[in-house]
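> Once you've had a glance at the structure underneath, I'll fire off some questions.
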Number of protein chains: 2
Amino acid sequence: MIRVLLVNDARLVRSVMAEWLRREADLRVYDTPWRGAAAMVRAVRPDVCAADLDHTAARGLPPLNELSPPAAGRRPPRLLVLTGADRPALLRRAMEAGALGYVDKKGSPDRLVHGIRRVAAGERFVDDSLGLGFGKAAEMPLTRRELSVLSLAAEGASVAEIAGSLHLSHGTVRNYMAAITRKTGARNRIDAIRISHGEGWL
Amino acid sequence: MIRVLLVNDARLVRSVMAEWLRREADLRVYDTPWRGAAAMVRAVRPDVCAADLDHTAARGLPPLNELSPPAAGRRPPRLLVLTGADRPALLRRAMEAGALGYVDKKGSPDRLVHGIRRVAAGERFVDDSLGLGFGKAAEMPLTRRELSVLSLAAEGASVAEIAGSLHLSHGTVRNYMAAITRKTGARNRIDAIRISHGEGWL
């Protein structure tokens, strides 16, 4: 029996997906929104967390680490994510969090069932159609530091405020912004923010 | 028999939802992604289009008008939308397109079935939990003209470029930008763009 925890903020979709998965005799299915997912992991002890990366907190990345907490004497749940090729930042985040499974939401629902079984067996499972997204994730030209500067700028912070929060000089922040504009091929700072949102980097 | 066309870009979710709805004896269910939805409407002649407003075209509003085309001698399909209270711009767009039904994706799946039946009977159906979103949609402070200026600015256009595309003087564009910054309570232009994205206006 494979214990599966479905994580999805849209209850309407989540309930129907859970019910659909429960028809599989080898799956025991639980479900939760992102908020409270960590507590559900502790309570349910799933073999696999199948997490939809579209979550509703504005402009943030889903807290994937909460789904695989280190626990003494127990294997943490294996992580499978549902997303699209147009979300490279989410794919990159899932890779960094050590996800084993990557299911394309534009694919057939059967892929989710196969993916859960493969990941439960400790094998990698990646939908081919996500290839372009992984390519984009790998190509992302900005460093973590540059992304920090850009995300503060995108929140409306001035050069002085960015310098203050990141403990940098004004000149250094201006140099970062110039590098960001160049590396993203943007015309100016606002254009760099637009491009980075569009590519899913911010 | 109620003919229902489910519109959703995520095939994985759409197929499972369609299969789930097909258990209702009075529903005949078809499904399509947004691309090609207009052709499906012509082919299937649904009584109700149940459309998920999260569509994958970056930064645009879903083409709701294509779901209810005027047709000689026939009633156009009635429109039910699935969305969240955190998407006021989408709610406003659905109101403008004349949607009769508004189902909260954070609600129970049974609400979707009830909503489809009510809308098919020509009645309004609105989830209470969407109230806050409708409030926000009504409060949206920017005029259409200001939104045009802001969306060009968000694409990285300069004052001169915005003036050129909208046939305005530079001074008028600057006045619009000042009004936008004031009305959104923003610190500067980038902050106005951030706030407007966050509120779902852009």
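Using N, Cα and C of the backbone, Cβ positions are placed for all residues, glycine too.
Pulled from TrEMBL, these are the listed features:
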- B:3-120: domain 'Response regulatory' (DOMAIN)
- B:135-200: domain 'HTH luxR-type' (DOMAIN)
- B:Asp52: 4-aspartylphosphate (MOD_RES)
> Taking the Cβ of B:Asp52 (4-aspartylphosphate) as reference, which residues of that chain separated by at least 6 in sequence fall under 8 Å from it?
B:Leu6, B:Val7, B:Asn8, B:Asp9, B:Ala10, B:Val13, B:Arg14, B:Val81, B:Leu82, B:Thr83, B:Lys105
> With DSSP as the reference, give the number of residues of the domain 'HTH luxR-type' (B:135-200) in helix, strand and coil.
48 helix, 0 strand, 18 coil
> Give, as a single whole number between 0 and 100, the mean pLDDT over the domain 'HTH luxR-type' (B:135-200).
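In the predicted model, the domain 'HTH luxR-type' (B:135-200) has a mean pLDDT of 87.
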> For the domain 'Response regulatory' (B:3-120), jot down how many residues DSSP puts in helix, in strand and in coil.
44 helix, 28 strand, 46 coil
